[in-house]
Amino acid sequence: MPAVPSAPTSELPPPATTSATSSPAFDPNEVTVIFVLGGPGAGKGTQCAKLVQDYGFVHLSAGDLLRAEQARAGSQFGAMIKEYITEGKIVPMEVTIKLLENAMRAAMSSEAGEAKEAGASSGVKGIPARRFLVDGFPRQMDQAVKFDETVCPSSLVLFLVCPEAILQERLLERGKTSGRDDDNAASIKKRFDTFIHTSMPVVDYYRKQGKVVDIDSAKSIDEVYEDIKRGIAPVVSSSS
Ligand code: UP5
Ligand code: MG
């Protein structure tokens, strides 16, 4: 296996705050963040798309942001991100957190964000976007601690639970057409290993804080979504 290089971070500015004693960039009373976690292929992206449609969440997929940065012409992180993703490893958090923070800021200041927050049918403008689904992040303890400290503590964690055999079948099927560097048998195995050893401690950490809602994502897409709607009800009603 090739050595994974450490990430140069000079191209991205440092996180907004770096001291453990300073405040997060976004006030959790004004911004609602839901983390959507689960193994590779658990249905995080599929379910987030449905929540965006019905609730006007802004959906931020850490994996999608990293793939976009990988594809961005001139990015100094492109080769490094590709190698980490193919190896199923976690990209150094400075890169991912900055991409997420930038995307949150862009959504909050954009017309698109305003329209989403207001709801597609109301047509009301001028309310900043403030409900975020953060999909596939945090997946390592250092990321969880840093994001909570410097960006915004989450209100809820949706944890999509599904047996590995089903996940593998879904990913291999998707791999026939997805073009993703990691939808192949070798990468999928590494992604599973990383999920168990590196990402599960994050779920346990939030479980101790009482934030985790477990969702059986082996069910059909619509059944999973019904369970998710019930799971987020307390947070959605209190932030609307
Ligand atoms: N499908 C979905 N739900 C279904 C259901 N209920 N029944 C039947 N089929 C269902 O779904 C996957 C497939 O399953 C699709 O074909 C779908 O139709 C079907 P999807 O919704 O895409 O699942 P998702 O959980 O989003 O799977 P994904 O592959 O995106 O999960 P990963 O967590 O592996 O990928 P992600 O893009 O988040 O991360 C990729 C890599 O980026 C990581 O491995 C890592 O290297 C890197 N990364 C970081 O380094 N840091 C980060 O913070 C985040 C990512
Ligand atoms: Mg996804």
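Here the Cβ of each residue, glycine as well, is placed from N, Cα and C on the backbone.
What you are looking at is a predicted structure, and each value in this text was computed from that prediction instead of being measured.
Among the features that TrEMBL reports, region 'Disordered' is placed at 1-25.
Look at TrEMBL and you will find 1-10 tagged as compositional bias 'Low complexity'.
The ATP binding site annotation in TrEMBL covers G41, A42, G43, K44, G45, T46, R174, K219. Sequence-distant neighbours of G43 (ATP binding site) (same chain, 6+ residues apart, CB-CB distance under 8 A): L160, C162, S217, I221, V224.
According to TrEMBL, the feature region 'NMPbind' maps to 61-91. Summarised as a single figure, the pLDDT of the region 'NMPbind' (61-91) averages 98.
Around R67 (ribonucleoside 5'-phosphate binding site), the same-chain residues at least 6 positions away in sequence with a Cβ under 8 Å from its Cβ are I81, I85, R180. What TrEMBL records for R67, K89, I90, V91, G136, F137, P138, R139, Q143, R180, R191 is ribonucleoside 5'-phosphate binding site.
Look at TrEMBL and you will find 173-183 tagged as region 'LID'. Below 8 angstroms of C-beta separation, residues 40-41, 67, 82, 85-86, 88, 191 of the same chain, each at least six residues beyond the ends of the region 'LID' (173-183), sit close to that stretch.
Taking H, G and I as helix, E and B as strand and the rest as coil, DSSP gives the region 'NMPbind' (61-91) the counts 19 helix, 1 strand, 11 coil. Between the alpha carbons (Cα) of G41 (ATP binding site) and G136 (ribonucleoside 5'-phosphate binding site) lies a span of roughly 11 Å. Within the set R67, K89, I90, V91, G136, F137, P138, R139, Q143, R180, R191 that the record links to ribonucleoside 5'-phosphate, no two Cα atoms are more than 24 Å apart, and one pair reaches that distance. A gap of 13 Å separates the Cα atoms of P138 (ribonucleoside 5'-phosphate binding site) and K44 (ATP binding site).
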